[in-house]
Amino acid sequence: MIQPVSLEFVPGPSGLEVKYAAVMDYLSIWQAMKAFTASRTQNTPDEIWLLQHWPVYTQGVAGKPEHLLCNPGIPVVRTDRGGQITYHGPGQIIAYLLLDMRRLKLGVRDLVRKMEGAVVDLLDEYRVNACGDEDAPGVYVGGAKIAALGLKIKNGCCYHGLALNVSMDLAPFMAINPCGYTGLRVTQTSDLGITDELETLQGKLAEKLKARLKQ
């Protein structure tokens, strides 16, 4: 059963609002994103939603079933974002960006670069060298993926966003080819010497995203 979504309102500058929630059911948030986007007007403020998900595999519109190698009893949801299969679970920051891309004069590639840049900026604060990849969207540290990206564009507006691994059980990634890449390693901030709590990193990521979107 899809549960109603409750997000704590935290105002942001320049028509951008940031909202926080705890650990949420994926289907509930997905339906809420679609409803928000469908009801937007040209004056609707853009929003960033920061939360975590209960364990779930999400399969993008281009997702191939063979990238799910086995199913350890975790739900699989075929969603409407771009990309292949990935895993979400507690201990991972989910940042959903609900933006009017026409109003921001942003193309998809530009937005992807800004999202990657925000994560790179955050990790740079902790002297962790990270980078994006032109051919495989996301953020990587030493060849291991630490953040996955996926978007849905509808009527010039976007939803979905990024997932940053912080301090989670990485074992479910072993049951998939993450983002469709065989043998792709994954990592997380807690394995890179970053000891700040998830809530601290959430706030910092929000600031990095807002800064990148203003550039």
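Heads up, the Cβ atoms here are built off N, Cα and C, so glycines get one too.
Since this is a predicted model, take the numbers as computed values, not measurements.
Here's what Swiss-Prot has on this protein:
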type: ACT_SITE; residues: C179; note: active site, acyl-thioester intermediate
type: BINDING; residues: R81, G82, G83, Q84, I85, T86, Y87, H88, A148, L149, G150, G161, L162, A163; note: substrate binding site
type: DOMAIN; residues: 42-215; note: domain 'BPL/LPL catalytic'
type: SITE; residues: K145; note: site 'Lowers pKa of active site Cys'
Cβ neighbour count within 10 Å of R81 (substrate binding site): 22
Mapped DSSP class for Y87 (substrate binding site), helix or strand or coil: strand
A148 (substrate binding site) - helix vs strand vs coil (DSSP): strand
Farthest-apart CA atoms of R81, G82, G83, Q84, I85, T86, Y87, H88, A148, L149, G150, G161, L162, A163, residues recorded for substrate, distance in Å: 16
Winner by Cβ contact number (other Cβ atoms within 10 Å) across the recorded positions L162, C179: L162
Cβ atoms near K145 (site 'Lowers pKa of active site Cys') (within 10 Å, other residues, all chains): 23
Reduced DSSP assignment, L162 (substrate binding site): strand
For the domain 'BPL/LPL catalytic' (42-215), mean pLDDT (0 to 100): 95
Other CB atoms, at most 10 A from the CB of I85 (substrate binding site): 25
C-alpha spacing of K145 (site 'Lowers pKa of active site Cys') relative to G83 (substrate binding site), in angstrom: 15
